[in-house]
Structure formats: C-alpha cells, structure tokens
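Annotation source TrEMBL lists region 'Disordered' at 124-152. If you look up TrEMBL, you'll see 6-28, 40-61, 81-103, 218-237, 249-270, 282-301 marked as transmembrane segment.
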Amino acid sequence: MELVVAKLLCLVGSCLLLLAGSLLPLRLAEAEQAQRSGRLLSLCNSFGGGVLLATCFNVLLPAVRDKLDAVLQQGNVTLGYPVAETILVLGFFLTVFVEQLILTCQKEKPSFIDLETFNAGSDVGSDSDYETPFVPPPRGHHSHRLSTQEPSHPRPLRLLALVFALSSHSIFEGLALGLQEEGGKVLSLFLGVAIHETLVAVALGISMAKSSLPLRAAAKLAATVSLMIPLGISIGMGMESWHSAASSILSLLLQGMAGGTFLFVTFFEILGKELEEKNHRLLKVLFLLLGYTALAALVCFKG
C-alpha cells in the first residue's frame, strides 16, 4: 500500500512540477531575469545529471539484474552473458534513434531542449559552432549565443516536434518509476527525474514565450508534456499488478531501456551542453559529483 501511495504522489508531483515549470516563464521570465538565473540553473542541471547517472547505475541497473535473475531462475536457465547491461545499451540506442529520426524529419541540427535558452544575451561563447535548435545564428557570426537585440522566435511547428521528442522519453522515465517494487527506489528515482524534467519544463516555457505562442496553445503543449511522466507511471503500475512471467520479462526490458534513456539524457542533453560552455567548468563537475554522491548515498541508506 505504501508503494502505491509513493507512486501516486510521484505521479501528481511530477505533473504539477512540469506544468508549473512550463507555464511560469510565460508570465515571469524576461531575458534579463533569465540571464541572471543562468548560472544557478546550469549548476542545478549539472547536479541533476549526477543524480540521473546514479539513478541509471545504482538504481535501475541493479533492479534489472535482480528481475533478470528471478526470470532465469523460474525457467531454470543460466546465462553468462551481460544481458542487463545489453538491455540498457539497447535503450540508449533506441533513444538516439528516436532523436535522430525526429531531427531527420525536421531537417534541423541539434536535439532536445536544453538550458541554452537561459543564457540569451550572454557574451561568453562556447568551444564549438553549435547552433541552437530554435534560432539560426546571424550571418557572419558563429557564436551560438542569442542576442538581446535580436530575440528568438521559434516556429510553432518546431515547438510541436520538440514537445513530441520530450514526451517520448518522458514516458520511459515514468515507466521506470511505475515499475519499481520498493518505495525507497521510487523516491530516489523521482528525485533525479524531478530535477531534470523541471528544468527542461522551464526551458520549454521560455521557448514558448519567445515564440509569442498564445497562452491557450502554450497551456495545451505544457499539459501534454506534463502528462507524459504520469502516463508512464500509470502504465508501469498496471504492468506490475499483473504478476506473470510475461509481465516480469516486459518489466525488466522496459526498465532497462528506461535506464538507457537516463544514460542518453545525462551525456547528450546535460553534460554535452553544460561542459561545452567555457564558464564554471570545474564547478559544474563538482555539482555533477555532488548529484551522483547524493543519490548514491540515499540508495545506500535506504538499502
């Protein structure tokens, strides 16, 4: 009963956090405020990356191994191959495929939303000619920073593709929560998901504000993204209630693939973008380590 309550609280909490994070920037975030908040949000993102890294290797991977051992024992099967790790990597490749498929259809360069939006107007460039997914750089200018004199205006069609991309792996993150069998692991997972997804929701909200999207349309997009994690949690809870061999196999497959999604988010969406910046690199590494240590310690105490 406590496990069900914990999952329901995570369901409601994730929905409210994402909805608030998406809609608040439409009312409150201005370019100057976003610029001042950039450093703090960037450090929070790095901390969240550490949490997700610990979630992948300290929570999900051991859970997949345990479920795999239970399934193999039921069938009196012995394997010497690292199946759990392979499932996790398959989830990683699936996420990469979905991202690249969306980008191919969009015919655009970069990928999912990041905290680039918060650094609009910054004078500090990066080490590469990375282009923001929302605005092409001005002619003759190779910095990916946005100019306060030339505000960005993301196209609604691009925002729809972005919402679809976010929703696709939010469902897997929700599945990981819904498939857990221990209350402590549910809360550990929720910590990592909440940090990352709330920051993503705020970045999405600022992007919608810059696109001059009507409030009603923006609310629909925000609601869509906000409901994906609860949907994944609900599906996972339904699967866990079946208590059959087929559901156990499907559960370990989906949980392993969700771990691959977390791996992708950590290295491609968070570290790949945060460590590209010239500012506060060592501080970001410190916050990454702190995030990992915090969740690893939490798992240790709850274990």
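Every residue gets a Cβ built from N, Cα and C, even glycine.
Within its own chain, the transmembrane segment (249-270) has Cβ neighbours under 8 Å at 45-46, 48-49, 52-53, 55-56, 60-61, 63-64, 67-68, 71, 84, 87-96, 99, 111-112, 114, 169, 172-173, 175-176, 179, 192, 196, 236, 239-240, counting only residues six or more beyond its boundaries. Residues 34, 174, 177-178, 180, 183, 186-187, 190, 193-194, 197-202, 204-206, 208-209, 215, 218-219, 221-223, 225-227, 229-230, 233-234, 237 of the same chain sit 6 or more residues outside the transmembrane segment (6-28) yet have a Cβ under 8 Å from a Cβ within it.
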